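Annotated features, as they stand in Swiss-Prot:
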BINDING   GLY43, ARG44, SER45, GLY46, SER47, GLY48, LYS49, SER50  ATP binding site
DOMAIN    11-230  domain 'ABC transporter'
Amino acid sequence: MTATLSLKPAATVRGLRKSYGTKEVLQGIDLTINCGEVTALIGRSGSGKSTILRVLAGLSKEHSGSVEISGNPAVAFQEPRLLPWKTVLDNVTFGLNRTDISWSEAQERASALLAEVKLPDSDAAWPLTLSGGQAQRVSLARALISEPELLLLDEPFGALDALTRLTAQDLLLKTVNTRNLGVLLVTHDVSEAIALADHVLLLDDGAITHSLTVDIPGDRRTHPSFASYTAQLLEWLEITTPA
């Protein structure tokens with residue numbers, strides 16, 4: 001879906017294993033997330049999707065295997081997690097993890113990012129006045145302010161209504177193309193995975209059991225092959241659709 005400007009890896013994982021007590025929740029995971037591409041990770045609840053994301057984000061340290069990340073990754077969750085006592089602008093600058101940038105420069109960068117995510121007049125707004133879609137866009141701006149090469153998304157559109165979800169998905173793709181980001185998208189939504197991802201990985205009981213490269217030109221959702229890609233993923237998930 002994305003126009004790949006570079007095949008530089010944003011993240012490379014080899015032989016990743018992780019256990020909680022005696023239960024091994026990740027069983028030798030291998031994956032590469034390239035800059036300019038979206039990789040979707042699907043699977044049933046408890047399959048290990050969020051655990052992989054937490055490892056890549058540096059939030060889970062005790063594991064074996066090799067994990068190489070280009071720069072500092074950024075994370076956005078299903079819940080925007082905005083601080084209600086800070087303005088929208090200050091919420092975005094809160095995501096800056098660099099000390100070599102002045103406060104005024106940070107504010108300028110945050111304001112520019114809000115314009116980029118289609119919220120140009122919201123600097124002084126308060127989080128509680130925002131719609132769900134607007135809050136999610138602020139969360140995206142906050143994730144981008146440190147100029148990451150790897151963006152980790154954990155069900156980012158799950159709480160949005162259908163129309164707002166489509167708008168947010170299109171914004172994500174434009175952002176990936178403009179910034180040449182590598183993205184790992186954790187989702188339960190098979191249609192979303194096909195609409196957004198260059199590669200889809202199925203995780204089952206801590207292991208990647210299937211992988212799919214999505215090659216659909218133009219508007220994916222209206223393309224005849226969209227249904228066949230979706231059916232393939234549903235078959236892997238052992239989900240039957242009504243006749």
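From the backbone N, Cα and C atoms, a Cβ is placed for every residue, glycine too.
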Fewest other Cβ within 10 angstroms of its own Cβ, chosen from the binding-site residues GLY43, GLY46, GLY48: GLY46
Which same-chain residues, if any, lie at least 6 apart from LYS49 (ATP binding site) yet have Cβ under 8 Å of it: LEU41, ILE42, GLY43, VAL186, LEU203
Per-region confidence, the domain 'ABC transporter' (11-230) (mean pLDDT, whole number): 89
Fewest other Cβ within 10 angstroms of its own Cβ, chosen from the binding-site residues SER45, SER47, SER50: SER45
Env. residues of ATP site, Cβ within 8 Å of mean position of GLY43, ARG44, SER45, GLY46, SER47, GLY48, LYS49, SER50 Cβ: LEU203
Intrachain C-beta neighbours of ARG44 (ATP binding site), sequence separation six or more, cut-off 8 angstroms: ASP204, LEU237
